[in-house]
Amino acid sequence: MTTSPTLVEVEEAVPSGPLAPPTSGKRVVTTITRDKGALACLVFLAIVVLMAVAAPLITKLSGWGPYQFDSAAINSDLGGVPHGSLGGISGSHWFGVEPQNGRDLFARIVYGARVSITISLSATLLTGILGVVLGMLAGFYRGWVDQVISRLMDFLMAFPALIFMIAILSSLPSGNRPVLLVVVISVFGWPYLARVIRGQTMTLANREFVEAARASGAKDTQVVFREILPNLRGSIVVMTTLAIPGFIGTEAGLSFLGVGVSPPTASWGQMIASSVSWYSVDPMFFAIPGAFLFLTVLSLTVLGDKIRTLIDQGEAA
Amino acid sequence: MSDLFIVDDLTVTFPTSRGPVEVVKNLSFTVGRDDTLGIVGESGSGKSMTALAVLGLLPRGAQTSGSVRLDGTELLGKSERDLRAVRGNAISMVFQDPLSSLNPYYTVGLQISEMYQTHQGGSRRAAKQVAIEALERVGIPDPERRVDHYPHQFSGGQRQRVMIAMALCCSPSLLIADEPTTALDVTVQAQILELLAELQSTTGTGMIFITHDLAVISSIAQRVLVMREGDPVEYGTAEQVFSDPQHEYTRMLLDAVPRIDDEVPA
């Protein structure tokens with residue numbers, strides 16, 4: 001062996017900086033709390049979630065339950081238009097009352113938040129699990145597994161989902177509508193996540209660290225859970241946060257069409273649907289649930305977008 | 001038999017739409033303890049396929065024939081489970097690009113100790129101690145602190161040192177280095193070669209060094225195998241191959257290396 005000359009240590013000095021992977025959860029949180037727009041969205045969402053969680057407590061405080069009729073608040077001579085201006089907004093009915101039957105709008109908004117949040121979060125969770133598991137299976141094993149899953153995804157994505165949802169939800173017994181809604185939304189929602197996960201798994205599976213892990217004696221399960229899944233974290237977080245507003249909208253849309261949550265359970269979409277015939281005499285009946293729906297979806301979208309930018313930057317760094 | 005690692009008549013075949021293609025043809029070589037075999041050849045000559053075949057990591061559909069023996073144990077045809085126990089433990093591998101071979105989401109210490117625990121067992125704390133010692137052995141300064149750093153916090157040369165530390169943490173009897181210095185600049189390259197040679201002399205690990213760089217081979221290998229399009233073209237001691245190449249292709253490769261005393265082409 002030839003002797004190599006003595007070498008001066010030229011490797012660069014130890015890079016300083018916090019001990020953190022490219023995108024840490026902490027960094028996402030600090031950046032969002034510094035951004036005023038994002039912070040406002042976060043605060044609004046916190047209020048909505050708080051409303052949903054503490055609904056019975058809040059309605060006790062406001063004095064009216066969501067199913068209580070207040071015939072004193074409406075003018076039955078005028079066909080049930082609420083007394084007072086702006087849809088009957090007063091000290092006892094903070095957001096006014098429903099025309100015709102006088103149910104408290106505030107209480108129904110609070111309980112409606114419950115429905116929206118529960119359904120959209122459960123649908124996101126179910127979609128997330130289905131999408132990640134099936135996407136990774138297809139991307140990791142390829143071959144016939146991929147063929148079967150991909151064709152199923154193509155089929156579901158090409159399918160007129162809304163029409164099918166309406167058909168299925170109106171034909172099935174309305175025993176447990178919220179569960180049914182979650183299942184139907186997820187069945188049509190997972191391919192969008194799975195398609196992205198499949199593609200990323202395919203590129204990750206060919207990365208050298210996966211090959212290195214195999215060459216070090218790692219099992220398939222170790223490769224999938226220890227090497228590939230953590231690297232998909234960013235995409236999963238972004239895809240699911242951006243999916244929540246979509247699901248809230250879908251739930252509201254289906255309730256609007258009369259196939260969602262069945263009355264008397266309150267839901268924002270259903271409130272908007274019943275306000276349609278009243279919009280000229282009582283615009284607030286439409287404006288209030290509409291505004292809540294709009295702001296919730298907007299906040300979630302803005303936040304999701306923000307998180308995506310942060311994670312993209314982290315991955316590029 | 002004193003040879004540690006014997007490859008005999010190894011052939012790797014891939015089925016394609018235009019019939020089977022042999023990417024490695026009738027390859028035979030031996031590696032002794034404390035011995036380094038250099039495999040040289042251009043891109044696509046079957047160098048890396050040989051390494052993958054030895055570890056049973058070929059893509060699905062590939063067929064192998066011949067014999068690969070480590071310490072007298074036949075490796076070809078072993079079950080996936082048995083092979084996993086060999087990979088990283090008795091035979092370990094160092095890859096070309098140290099950045100992409102390390103998982104960006106874990107600290108280097110975790111990656112080394114996980115590999116150690118997979119093969120040798122033991123507590124998490126013991127494995128971390130092994131990781132620190134392994135980093136120290138490959139010349140990473142301040143290993144107690146560096147063990148908790150992520151791959152992106154290391155320089156290129158240091159990352160390759162981390163990869164070597166990982167490959168050697170289970171004291172393998174054979175180390176396969178697949179172009180370990182190609183992604184590094186020349187000074188760092190020399191340091192890594194020096195480190196490999198030094199570690200080899202203390203541990204007695206046999207080494208297969210795959211590269212397309214003849215200068216690197218001449219400084220590290222005792223025996224050289226030249227490959228071209230899957231064919232073993234020439235096989236012999238480094239001295240023999242470099243001073244008296246028998247095959248025209250070897251001569252061509254050697255002539256392609258620019259020399260300081262070459263005439264400048266007009």
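Glycine is treated like the rest: Cβ placed from N, Cα and C.
Some features that TrEMBL has for this protein:
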TRANSMEM  A:37-58  transmembrane segment
DOMAIN    A:113-304  domain 'ABC transmembrane type-1'
TRANSMEM  A:115-140  transmembrane segment
TRANSMEM  A:152-172  transmembrane segment
TRANSMEM  A:178-197  transmembrane segment
TRANSMEM  A:236-261  transmembrane segment
TRANSMEM  A:284-303  transmembrane segment
Under 8 angstroms, Cβ to Cβ: which one of A:37-58, A:115-140, A:152-172, A:178-197, A:284-303 has the largest number of such pairs with the transmembrane segment (A:236-261)?
A:115-140
Which residues, given as numbers and ranges, are at least 6 beyond the ends of the transmembrane segment (A:115-140) yet have a Cβ under 8 Å from it?
48-49, 52, 146, 149-150, 153, 178, 181-183, 185-186, 189-202, 204-205, 220, 224, 228-229, 232, 236, 239-240, 243-245, 247-248, 250-252, 261, 265-268, 293, 296
Against which stretches of its own chain does the transmembrane segment (A:37-58) lie, if we need a Cβ under 8 Å and a gap of at least six residues from its ends?
109-111, 113-114, 116-118, 292, 295-296, 298-300, 302-303, 306
